[in-house]
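Per TrEMBL, the features are:
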- 12-35: transmembrane segment (TRANSMEM)
- 23-311: domain 'Sugar phosphate transporter' (DOMAIN)
- 41-62: transmembrane segment (TRANSMEM)
- 83-106: transmembrane segment (TRANSMEM)
- 118-137: transmembrane segment (TRANSMEM)
- 144-162: transmembrane segment (TRANSMEM)
- 168-190: transmembrane segment (TRANSMEM)
- 233-255: transmembrane segment (TRANSMEM)
- 294-313: transmembrane segment (TRANSMEM)
- 321-361: region 'Disordered' (REGION)
Amino acid sequence: MSSATDGAASRLGVAGALGMSVTSSVAIVICNKYLISTLGFFFATTLTSWHLMVTFCTLYVAQRLRFFEAKPIDAQTVISFGLLNGISIGLLNLCLGFNSVGFYQASTIHFADPNHCILMTKLAIIPFTMLLETIFLSKKFSRSIKISLMVLLLGVGIASVTDLQLNLLGSIIAVLTIAATCVSQILTNQIQRRLKVSSTQLLYQSSPYQSAVLLVTGPFVDKLLTNRDVFAFTYTFQVVAFIVLSCSIAVCVNFSTFLVIGTTSPVTYQVLGHLKTCLILSFGYVLLRDPFTFRNVAGILVAIFGMGLYSFFSVSESRDKKLSDGPSPPLPISSSQMGEMKDSEPLLGGGGGGGAAAKSSPWNEVKGLQSFDEVPRTAKSAFSRP
């Protein structure tokens, strides 16, 4: 009964994380679209650093109020991880600046989430992530999963890619962007699982370093991309209000990003990112009356079909794996051990024992071995891995 309850709670937690990720990402797109389109605030990288700084301050207050316990992580690991994440965010913005948009309204979309940056770069992240996990983590992907992901990527490509114009510098930056994004997302998952830290603990430890990288480099990157100075911008009350709102939503985006990657996988997170892309395309048409063609509709339908296939095959394979593993059989007990058990303690709790300390039964030891592989459940920025 307890295992079934735990499984249901785990599934509910994953569903909640996925829902939070989608909702917060779409909300921040709308907020940032207004910032850039109406208020003229084009400084994406600098805003990202503020997102991460507000995220850290929020988690610091939560930690002081004992909403979660801060778990120390090796300094070299967390600093390297934070710097890599910060660099990947900067590269994502540079990638958009030095290549064609290749995506619906990408000049505004990238402002909300780097996963919606340049589409061909985003489409390459899933296969590259699978390649890295296969080579370095010996992870295997079934043919069904590969086919469903191909259908998904085909649909997103049909719906989104409009022009493909790459130059040498832009191509180099795109390759670096893909590598940095894939590695950082894989590390987000592996650090949580191997060091037994939650998404909140990892985000709390790494966000200061991510923010520091972007606070230093952000104004220069934005100046290079927009020919505008963030320090010379006129900050009206309305601009400040929307920046505060954007930073507040970003806390949810950052938290849900780390939570989704930790509880599922980097590939699943990228699939979720493509769902956000389809939703943003739809919202752009319904709410903002952006151009929408038959090609967009067909691509979205194909992408949704691919997502459905991916979800179906993922759940089926997970269920089959659990059934094939099955519960471990109890260790064989010799007659002499059984006699010792009878003389020392009952198998079910009760009185007796003459005040002697109770010993654990071999069956309890076996159950402990069965739970050895269980790990605790676990956003990067609104600009970082979607």
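Here the Cβ of each residue, glycine as well, is placed from N, Cα and C on the backbone.
Source: prediction; values computed, not measured.
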Can the transmembrane segment (168-190) be said to touch the transmembrane segment (12-35) if we require at least 3 CB pairs below 8 Å and skip pairs under 6 apart in sequence?
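They do not touch: fewer than three Cβ pairs between the two stretches lie under 8 Å.
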Going through 41-62, 233-255, 294-313 one by one, which has the most CB pairs that fall under 8 Å from the transmembrane segment (144-162)?
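Stretch with the highest Cβ contact count: 294-313.
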In this predicted model, what is the average pLDDT of the domain 'Sugar phosphate transporter' (23-311)?
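84, rounded to a whole number.
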